[in-house]
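First the structure, in the form of structure tokens, and then the observations on it.
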Amino acid sequence: MMGLTEGVFLILSGTQFTLGILVNCFIDLVNGSSWFKTKRMSLSDFIITTLALLRIILLCIILTDSFLIEFSPNTHDSGIIMQIIDVSWTFTNHLSIWLATCLGVLYCLKIASFSHPTFLWLKWRVSRVMVWMLLGALLLSCGSTASLINEFKLYSVFRGIEATRNVTEHFRKKRSEYYLIHVLGTLWYLPPLIVSLASYSLLIFSLGRHTRQMLQNGTSSRDPTTEAHKRAIRIILSFFFLFLLYFLAFLIASFGNFLPKTKMAKMIGEVMTMFYPAGHSFILILGNSKLKQTFVVMLRCESGHLKPGSKGPIFS
């Protein structure tokens, strides 16, 4: 019988799942309909649309995992089911994180202003740089997924020895080896984190320099370039902090097998992981003029302040 705590966690998971699906479907529908009408899509819109699609898949995987943990833990821990979930989650998760990182780099190259030759070379070839980054993201995501093979083998040995309760030196050695590989697997998250931090730092320096120039010229600091800097910084900074929260949730869920209350630890981790795909996508909507305008118009139509089909002052 399901307890009160488990019920609360399932309600929270369902709520976050619903909000995440709605937010990410909204992004895909708006950008998809725009592409269908114009047959053109900017690089940033392509990244955001693909990112939203991956997050829909990611949310479905996390919800499936949560329900299996609650209602069928034996099925969840069985070899093939666990491997399918882990492989699907790892690939989708890493690719979505890299796409968010690529988006931050794109904003940095388009908005930041530096005279360094390397930065100018990258800025002038931004489209080519992003294509190579996206291909690299795909390869690194495949690499992180392939690294699970050794972990699966060790986990099978680890669980098999644990089931016989024959705790020997061989068991301790295999368990230590599994812990080490599991911890090393988290290092795949460091490259996108470092790249995002570098993009954020460059935008901060660029904004500071631009603000000083505007003040020296006696003009207002609230010009379009300044606002673009601030908008990009908010998006990258939100990704940075939400990613750290997501990483913490991932550690809780991953190491749930080795904590005293295994099931509770896993459920806490699952609930926390759902916050990132929904929260960051909502921030992307607020930071994108087209998505934000469509979202505001939709809210006005729902509240009755604007008739359907009317553009309103926001498009004037």
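Positions of Cβ are set from backbone N, Cα and C atoms, glycine also.
What TrEMBL says about a protein is an automatic prediction, not a curated fact.
Annotated transmembrane segment per TrEMBL: 6-27 (among others), in sequence order.
The transmembrane segment annotation in TrEMBL covers 47-69 (among others).
Summarising the annotation, TrEMBL assigns transmembrane segment to 89-109 (among others). Counting same-chain residues at least six beyond the ends of the transmembrane segment (89-109), those with a Cβ under 8 angstroms from any Cβ of the stretch are 43-44, 47-48, 50-51, 54-55, 57-58, 61-62, 65, 119, 122-123, 126, 129-130, 133-134, 136-138, 140-142, 144-145, 148, 188-189, 192, 195-196, 199-200, 202-203, 232, 235-236, 239, 243, 277, 280.
As annotated by TrEMBL, transmembrane segment applies to 129-149 (among others).
TrEMBL lists 179-205 (among others) with the feature transmembrane segment.
As annotated by TrEMBL, transmembrane segment applies to 232-255 (among others). Below 8 angstroms of C-beta separation, residues 97, 100-101, 103-104, 107-108, 111, 182, 186, 189, 192-193, 196-197, 199-200, 203-204, 207, 265-266, 268-273, 275-276, 279-280, 283-284, 287 of the same chain, each at least six residues beyond the ends of the transmembrane segment (232-255), sit close to that stretch.
What TrEMBL lists as transmembrane segment is 267-286 (among others). Non-local neighbours of the transmembrane segment (267-286) in the same chain are 6, 9, 12-13, 16-17, 19-20, 23-24, 26-27, 48, 51-52, 55, 58-59, 62-63, 65-66, 69-70, 96, 100, 234-235, 238-239, 242-243, 245-246, 248-254, 256, 292, 295; each lies 6+ residues outside the stretch with a CB under 8 Å from one of its CB atoms.
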*In the same chain, which residue numbers or ranges, 6 or more beyond the ends of the transmembrane segment (47-69), come under 8 angstroms Cβ to Cβ?*
9-10, 13-14, 17, 20-21, 23-25, 27-28, 31-32, 41, 75-76, 81, 85, 88-89, 92-93, 95-96, 99-100, 102-103, 106, 130, 134, 263, 266-267, 270-271, 273-274, 277-278, 281, 284, 288, 291
